[in-house]
Every structure is written in C-alpha cells, then in structure tokens.
Amino acid sequence: MQLGVIGLGRMGRIVVDRVLDAGHEVVAFDLSAEAVAAAADAGAEPADSVADLVDRLGDDKRIWLMVPAGDAVDATLDDLDPHLDGDDVVVDGGNSHFEESVRRAEACSAAYLDCGTSGGPAGAELGFSLMVGGPQWAYDELTPVFDAVATGPDGHGHMGDSGSGHYVKMVHNGVEYALMQAYGEGFELLAEGRYDLDLESVAKTWNNGAVIRSWLLELCEEAFREEGSDLGDVDDHVAGGSTGTWTVQEALEQEVPVPLIYQSLAERFGSRADDRFSRRLANRLRYGFGRHEVARKDD
C-alpha cells in the first residue's frame, strides 16, 4: 500500500517509520525541509508541498495527517480537498476535538477517519493504540496501515461513526489525568509520611505483580530513578489540559458525574498557583509518556 503522510514531528515520523518497516510505500511532506529530508533518508519518497504529495500518490489516495490540532488541520485540508474524491481516504491522527472531526468529515471530499492515537514516543518501538471513527469501508481499506502503526491487529479498532475515534481518545485522556492524579497523591503520601522510603523501589515492587501495575507506574519508577525520591528540581507546574477540559465539558452536557477526572483537571490548573509533590510527579510523567518539556524550579 502507498500512504501519504503530512506532518513529520515526533508522532508523524513514527507513523512513517512503522509503515515503511511493514513494507509499504510512504510519500512524506512537512513544512520543515529538514524533516522531509530525514524521512527520505529513512526510505520515504519526499514531497515539497501538499500538491506535490498528492501528485505522487495513485488514483485511490490514502493520506495520514499528523499535524497540530486546530487551524493546522483545516489549513491542510483546504490544500488537499481540491485534489480528493470519494474514493480517497484521509486520516486525522492528531488530538482534534470530536465535534471538529464531525464537521471536517461532512465537508471533506474524501472519506474521513478520525484516529485517536495513544502511546507517545514509545510507539516507535511498541506501536500505538488507535481509536478510529468514520466509514467502515475506509477503516477496512486502511487496516494494513493500522496494523503497521498500531501494536498489531488488536491495537486498533473501529469505534463507530465520524467523531467517535476522537471522542474515545478524549475520554482516554480524561482517564489518564485521573490515573496520574491517583499515583501522584499516593506517592505524595509516601514522600511526606512516617517512613523514609525509596520511591523508585516502591514503584518497582508495585510494577511486579501488584493490582495497580501499569505503564504509567513504570514511568513513575523511571522518574524516581532519574530524578530521585524527592523529584529533584522538577517543578509542580503541569502543562496541558485541553482534552481534560473537553472531557469534563462533555460529562456536564451528558449529565454524567466524573469527579475524579474533574478534580485531576482542577489540580492541573491549580499547579499554576502553588506547590505540591503530586503535581511535580504529574509534570515529570508527561515527559515520560509524551516527551513533553519538564518545567524546572529554576526555569
């Protein structure tokens, strides 16, 4: 299969590499000529514009967007749409709001798949978890690509109609917030409690057979190993928050109580005002799973 990939940042480059490794062809474009050259060195066919990328694809075009959510998606679609028809498929693999994905699907000349992507930079080796919404036929058509980009056939699923993939990913991120908050509070109690504990050792022990073992807990272990049990100079300012806000807003609209997700979001916003150990751990965990910049106390 031939796939066009637009957006060659951390996540987009992983898509390119995994699709190439699976034996498919990739045509790659990014606003950064350096990123395009690097993808070409890895085996992708370089394109110097969106129009050039489209010209290099066959009649039934399959195009994966991995650009920042918001205006960048709309701008890219504006460039693409004149070249597309109903036999083509476009995948938005970014963190778009599900309602925006529904709007784009209705306006796009091609079949439009909204694909929630989870796994962070670790997906380069392990593969991603992919939550896909949109036409069933388009999902089926892209299955070989999803198999390559995901952890395997069980690492992706068709969630339903347009918007459902990004909807499920939105809720996934809300759950992620709550899990980070729970781990943060637990380790804060251990750090401030009555025993002098090696928190790396605690996390390592929990990761081997405990009910609460998880990849996030493995990242806690990594954080304590690299920063120390007191987290060193890691600040308690936790960035992000948009997808958690969307989750809480949707819960209010659907009249579904989500107190844990709401409280974790409130703590994240509160991190811009005072200092707590739990938020410092959340700050460091965001580096672990997404390689987001770690705010330091002397920054």
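Cβ coordinates come from backbone N, Cα and C, glycine included.
The structure displayed is predicted, hence computed values, not measured ones.
Substrate binding, as stated in Swiss-Prot, involves Ser118, Gly120, His172, Asn173, Tyr177, Arg268; the candidate among Asn95, Asn207 given for that site is Asn95.
Taken residue by residue with DSSP, Asn173 (substrate binding site) is part of a helix. If you compare Cα positions, Arg268 (substrate binding site) sits closest to Glu176 out of the recorded positions Met11, Val67, Lys169, Glu176. Proximity of Lys169 (active site, proton acceptor) to non-local residues of its own chain (separation of 6 or more, Cβ distance below 8 Å) is seen for Asn95, Gly116, Thr117, Ser118, Met131, Thr243, given in sequence order. Recorded residues Val67 (NAD(+) binding site) and Gly120 (substrate binding site) have their alpha carbons 15 Å apart, per Cα-Cα distance.
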